[in-house]
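The structure appears right after this line, and notes come after that.
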Amino acid sequence: MPLRKKGAATTKAAATRKDSAKAPASSKRKDAPQHKPELVIITGLSGSGKGSVLKALEDLGFYSVDNLPVELIPKFAELTCNNPSIPAAALVVDIREGSGLKSFPKVFAKIRKSVTARLIFLEADNDAIVRRFSETRRPHPLGTGKSITRSIQSERTQLAPIRAMADLTINTSKFTVHELRDFIGERFRGRRDQSDIMIYVASFGYRNGVPPDSDLVFDVRFLPNPNYIPRFKNLTGRNPDVAGYIRSFPQTVEFINRISDLLVYLLPHYIREGKSYLTISFGCTGGQHRSVMIADEIKRNLSSAGYTAKVNHRDIVKAR
């Protein structure tokens, strides 16, 4: 039974974008960039979750760079413009930059002429930041000779001009790491759909062990075994006659339908969690008949539902 095609969530960023300057006409230039990539710059207070946001965007397909010097941002933007294989990128700029951070407003205004740039500013209440530094036992970047509270206040003051430029400001005080990743995922979900998770469907024989990279494992040894029918013994589940025999039993059809329904329910949730690939394994005794036929059916159904799926019959080469 083909799966019903279900679209993944496509919630896009709700933050209001500021007007950006229009790039000068350059259509006559032979070296004009062929595409205008998306660049998300993450900044904000130390301990506010910048690393978690960067990782969330990386899981959504963004090319990610942490702590890039401000003076290199224009060059990085130029490289993304000239590289169609990087449709979107994310980078972190923060107080570790030191005095170079003062030039960020001018640099950010400049790159907005060549890329679709967004600035995310993360902050948190003092109590939350103090607690996080206490849990990680790491010093505050501005903590030399200062209490952590004074360091936080100093950082707020230094970053105030950049905060005023932000397209999206997030207070992460009440977020767990998991919740923050979900929050970012919901706002950039337009970049992820069925095609953003690679599904590997595998068949195997239990006599050779369960594939160690399996995320989901289903035992199909309850289905009638074609191995006991002489004309099928040396064939595989890819043979039309063998596949037809296995499919002729009501429990086979019901199993395929129920697993298909389960997967169409699970996959959007895996995508929402940022999972990039999933291995679903089906096992029978030798990995020659039943698991092969079932894996092929499930792969076909997933493909018809719009997912990118590949099938691998691990033990079929061991067929007699």
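Keep in mind that glycine also has a Cβ here, set from the backbone N, Cα and C atoms.
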Given the ranges 1-34, 273-306, which one is assigned the annotation region 'Disordered' in Swiss-Prot?
1-34
Under DSSP, is R96 (GTP binding site) part of a helix or a strand, or is it coil?
helix
List, in sequence order, those binding-site residues among G44, G47, S48, G49, K50, G51 whose Cα sits within 10 Å of the Cα of R96 (GTP binding site).
none
Run through G44, L45, S46, S48 for me and report the binding-site residues whose CA is within 10 Å of the CA of I95 (GTP binding site), in sequence order.
G44, L45, S46
Can you tell which of G47, G51 has the most other C-beta atoms within 10 Å, given these are the binding-site residues?
G47
In whole Å, how far is E97 (GTP binding site) from S48 (ATP binding site) when you measure between their Cα atoms?
16
Site of maximum Cβ density within 10 Å, from binding-site residues L45, I95:
L45
Cβ atoms near S46 (ATP binding site) (within 10 Å, other residues, all chains):
24
